[in-house]
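The next block holds one structure in the form of structure tokens; read it before the comments.
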Amino acid sequence: MAKVKAIRGMNDILPEQTPVWQYLENTVKAVLSEYGYNEVRMPIVEQTELFKRSIGEVTDIVEKEMYTFEDRNGESLTLRPEGTASCVRLGEEHGLLFNQTQRLWYTGPMFRYEKPQKGRYRQFHQIGVETFGMASADIDAEVIMLSARLWKKLGLLDAVTLQLNSLGSNEARAEYRAALVEYLEARKDQLDEDSLRRLESNPLRILDSKDSSTQALLDDAPVLSDYLDDDSRAHFSDLREMLDAAGVKYEINPRLVRGLDYYCKTVFEWVTDKLGAQGTVCAGGRYDGLVKQLGGRPTPAVGFAMGVERLILLLETLDVIPEGVRQPFDLYLAAEHKGLQNQVISLAEHLRDAVPGLRVRVHCAGLKNIGAKARQTGAPLIALVKQADEGLVATLWQGEEPRFDIAQADLDTVIKAVWNA
Ligand code: ATP
Ligand code: MG
């Protein structure tokens with residue numbers, strides 16, 4: 001019988017990969033906690049309405065990427081394509097937003113029906129950060145600095161570039177949109193097919209068209225920065241000043257608009273040239289209008305989401321995963337001959353008590369070539385237990401170091417010493 005396979009674009013994460021995932025997740029968590037952020041956990045499924053109303057009807061996500069289905073009650077539900085809308089829904093529903101400030105983060109799978117390829121999957125993972133209730137540029141600077149600190153910790157800082165733009169207020173953007181449409185309408189015949197369609201529905205998205213002739217056409221098009229309102233202009237200059245003071249480098253990309261409708265003022269992306277076409281590892285911006293749009297009171301907000309798979313690809317490509325991350329245990333403990341398994345198991349329990357944090361894996365199969373098998377595990381420490389005249393003794397191996405025999409009673413002390421060294 002043919003075996004059932006996983007769904008295309010939805011990946012299993014295998015035992016040798018999970019340590020790298022955990023390393024990334026733990027590093028992110030540590031940085032977020034250094035900035036005083038709180039975790040939230042949202043459901044993976046929401047009412048379809050939530051995403052339609054927030055992301056925008058004429059965006060790639062809502063037009064063609066959502067996994068939408070009817071449940072048994074005939075209600076339209078959607079597997080979340082991103083986390084911001086759910087996070088706002090959560091905040092509103094539990095009264096966390098009005099008249100308060102919040103610094104929140106979440107992680108988990110997101111779902112988009114896209115063409116699977118390197119760095120682009122149908123189930124992928126994001127770590128998202130969302131802040132609420134803070135209108136000035138200092139919080140924009142904070143979330144960007146937080147991400148910069150993370151890249152530094154992960155050894156990625158030299159491989160990523162920060163791109164920055166301001167989208168201005170809704171009014172400023174509407175005015176710019178009209179000017180852009182007028183310019184492009186007159187040159188319709190030179191637009192690629194996608195851009196032609198967007199000219200009607202979402203003209204700003206034409207700015208990040210991948211088509212080279214469209215890009216060339218844009219060289220002489222009106223630029224968004226000329227249309228910025230005073231408030232957005234001041235906000236953007238405050239942000240740049242803070243980033244300059246903090247030594248965070250950036251490039252202004254006047255064509256950066258982002259694919260979701262809810263952004264205003266600051267937008268940014270961290271991009272790398274090391275992953276081919278899927279080069280954006282983290283993206284975000286300000287979305288002051290979204291809470292109101294979803295039925296709440298006006299609440300300023302800034303956030304971003306990073307793509308976990310792309311960050312892991314980048315860590316692997318740059319070969320910056322610290323040695324030891326992939327090793328799931330410190331000590332491999334085995335009996336050297338038959339009849340000792342009970343003692344080995346209780347010795348392992350004793351060592352876990354006596355040396356907190358020590359990760360012990362006990363050998364639980366045949367004892368043929370036990371030394372070679374133990375070394376194949378790559379364990380930093382190996383203890384082979386045998387019965388000697390004076391009682392239970394363990395031969396301790398540390399890499400290629402000469403081995404030595406230790407009485408059972410001294411084993412925890414010796415292991416503690418060599419393990420900490
Ligand atoms: P792209 O332009 O690459 O399609 P996007 O603008 O759709 O990205 P966002 O919605 O801003 O992406 O999501 C934030 C981050 O999540 C992206 O920068 C990327 O790292 C990651 N991401 C988005 N879609 C996918 C996907 N299908 N597979 C893997 N990672 C993804
Ligand atoms: Mg996309």
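If you go along the chain as it appears here, the first residue is 1 and each next one adds 1.
Glycine is no exception: its Cβ is also placed from the backbone N, Cα and C atoms.
Unlike curated records, TrEMBL annotations are generated automatically.
The annotation domain 'Aminoacyl-transfer RNA synthetases class-II family profile' is assigned in TrEMBL to 1-328.
Taken from TrEMBL, the feature L-histidine binding site covers Glu82, Gly83, Thr84, Arg112, Gln126, Glu130, Arg258, Tyr262, Tyr263. The DSSP secondary structure for Gln126 (L-histidine binding site) is strand. Within the same chain, the residues at least 6 positions away from Gln126 (L-histidine binding site) whose Cβ sits under 8 Å from its Cβ are Glu82, Gly83, Thr107, Gly108, Met110, Ala305, Met306, Gly307, Val308, listed in sequence order.
For the domain 'Aminoacyl-transfer RNA synthetases class-II family profile' (1-328), the model's pLDDT averages out at 95.
The secondary structure of Arg258 (L-histidine binding site), as reduced to three states from DSSP, is coil rather than helix or strand. Within the same chain, residues at least six positions away from Tyr263 (L-histidine binding site) with a Cβ under 8 Å of its Cβ are Leu167, Val257, Gly285, Arg286, Tyr287. Taking a C-beta cut-off of under 8 angstroms and a sequence separation of 6 or more, Arg258 (L-histidine binding site) has the following same-chain neighbours: Leu167, Val267, Glu269, Ala283, Gly285.
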